[in-house]
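For reference, the structure is listed below as structure tokens.
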Amino acid sequence: MTDESKRCRTKKVKARTGCSTCKRRKVKCDEQLPGCKRCAKIGVECPGYHKPVKWSVKYERHLVNSSPTAGNSFSCFDSGAGNLSNLMQPKSNPGSVETQNHNDNEVQAPGPLTRGSSSSLSDAREHLEDTLEMQPPSTLNSEQLSTLCDDVQADEEFPCALNALHDDSLCLTSYIPTLQTSLILDHYFTTVCHFNSSFDSANNPFRSEVSRMMADSPLLFGCVLSMSAAHLYQGDKSSSCIPLEFQTEAMSHLSRTLSELPTRNECEVDDNRPMALVSREKILNVSDDLLLSIIFLGMTAAWHDVSATGLPHLHGSRQLFRSWISLNNLTDIEKRRKMTRTQIFVVSSMVYWEAMSSALFDQQYEGLSHLTMFCDPHPPALVQPCPWTGVATPIFVFLAKTLTLVRNNQALKSLWVFESGEIHRRALYGELLAKANSLEREILRYRLPSLALIEDIGDPCTTPDHLLAISRCYRMAALLELYSAFPEITRTGGRPDSAIDLDRGDEKTHLIMGLAFSILEILEKIPDDSGTISIQLLSLLIAGSVLGPVPPRGEDEGPKRLETLRLRTFVRQRIHKMYAAVRLGPIGNAMAILEEVWARMDMLPAIQNANSAISSFHWINIMSQKKLETMFG
């Protein structure tokens with residue numbers, strides 16, 4: 001070929017348009033309508049010629065807020081997503097491609113998920129089935145992980161249309177994960193599922209139920225990515241924006257889903273005023289995955305920011321949970337005894353969330369009435385262990401109610417500033433005491449399941465007796481808090497377990513210290529590698545907070561002082577091992593609260609007894625004073 005012909009030859013311009021099928025095959029697309037000829041030739045449906053764009057959360061926020069139903073009772077989710085969006089700075093994502101239309105402004109944002117064309121559905125399905133496979137934790141070596149990353153690199157080069165990304169009619173198998181998404185999803189199944197449950201095996205609902213549901217729920221999929229990213233990048237300041245992006249995306253998706261729920265107004269009896277009727281908005285369709293998504297976002301809010309409590313999510317989820325109960329006819333005791341595994345998982349997760357949150361804010365005792373139906377004093381014939389509540393979900397209902405009464409009692413102390421405050425305080429205290437007496441009887445009446453009736457979970461590290469021991473600990477923790485706040489109850493002579501053998505001198509002090517010692521001695525017998533270590537934190541905090549005061553060396557070298565010091569050491573070591581295994585900020589807050597409680601108790605004059613020390617320095621008060629509120633679950 002002559003030089004002149006080379007110069008005359010028209011320069012080929014690389015096409016950046018066309019359907020994604022032709023792009024993947026790296027061939028030129030003729031862009032015919034309704035579909036290109038090459039797709040017709042190979043016998044696939046042409047996906048069309050959408051221009052690739054990058055999604056901006058700020059525009060998504062405006063769309064959500066402009067929804068005709070955005071002003072409903074779930075506006076807290078919209079504001080939460082908006083606040084997170086405002087914290088984010090624009091940052092380009094190397095795994096996405098910018099639009100080539102320079103006449104329009106380029107839209108720049110993270111876009112955690114991308115969707116493949118319809119011709120690549122089988123590839124996406126095969127990839128996700130491999131990723132979601134029920135495999136034990138930490139079984140992927142570095143070579144396998146590298147292969148997993150290589151498999152999705154080619155898919156990152158071809159982002160797809162935005163309207164397909166947020167199409168909830170499409171199942172998860174329509175999505176092709178980016179490299180980053182694949183790493184985060186792998187981290188969920190290899191690490192988060194392992195430490196976020198009291199047991200881990202193929203029976204772990206975080207593996208079995210969640211993976212099954214999120215295959216058809218982009219919302220749940222986004223929430224899983226949010227919590228996994230929060231743990232994966234924990235403490236990595238250079239990558240702190242990544243989990244924030246996934247959290248914002250999940251909250252925006254949640255806001256959008258809530259705004260589309262069908263509702264109707266109904267008149268119901270007010271829980272606080274039995275003679276009054278109130279108009280309430282009833283949700284007509286609440287799915288399991290929607291409830292779990294909100295629970296996951298609320299429970300893991302502190303993974304993103306240790307000071308986050310997740311309470312805005314809790315307040316919104318209660319209405320959804322009540323509607324979910326009604327839709328599933330769970331007010332019928334026979335229906336409750338025949339709940340599916342998914343329903344048991346949802347109920348236990350909601351109850352655990354309520355228990356962990358009840359120490360963080362003041363609420364009316366009647367606000368937890370919707371949980372009472374799940375406190376059947378007679379366990380079913382075969383108990384299915386739950387990731388967070390173990391084998392005794394009712395115990396955590398009792399704990400939630402107990403901590404609510406404790407906070408109510410603490411709030412009464414502020415009435416002294418009023419001239420007639422003491423009169424009102426005594427009247428209100430009498431009401432709380434009556435509720436505390438009734439609650440104590442419920443706790444003592446509840447029968448823990450026998451070891452033989454606990455379903456095998458297939459985890460050699462977490463045996464059924466570990467789960468049963470945790471249930472005993474939390475039952476005693478609830479009683480400890482109840483007796484500490486309402487000492488009059490101790491005169492009834494009730495005892496939670498025959499294993500507790502106490503003197504009858506100072507009823508309150510001996511009973512509380514005896515309960516604390518019993519809790520910690522039970523926890524000592526549970527090995528450090530037990531999966532239950534993930535749900536021990538609040539019991540350690542409650543029992544550890546009454547270990548004192550310890551007089552200075554030389555004043556009292558008796559067995560009580562030595563035992564108190566020994567148990568304090570155990571609490572420190574167990575919490576440190578818990579942090580080493582889980583590596584989440586809220587664990588550090590719990591240890592800081594205990595150290596402050598112990599320091600203040602030990603500074604009391606020697607003439608003051610343990611009773612006054614426990615009353616003066618309750619861990620909830622210290623938590624509030626030091627601004628250490630967080631989710632301890």
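All residue numbers here begin at 1 and follow the chain in the order shown.
Cβ atoms are placed via backbone N, Cα and C, with glycine included.
Per Swiss-Prot, the range carrying the annotation DNA-binding region out of 19-46, 187-214, 439-466, 495-522 is 19-46. DSSP labels the residues of the DNA-binding region (19-46) in these numbers: 12 helix, 0 strand, 16 coil. Model confidence over the DNA-binding region (19-46) is summarised by a mean pLDDT of 81.
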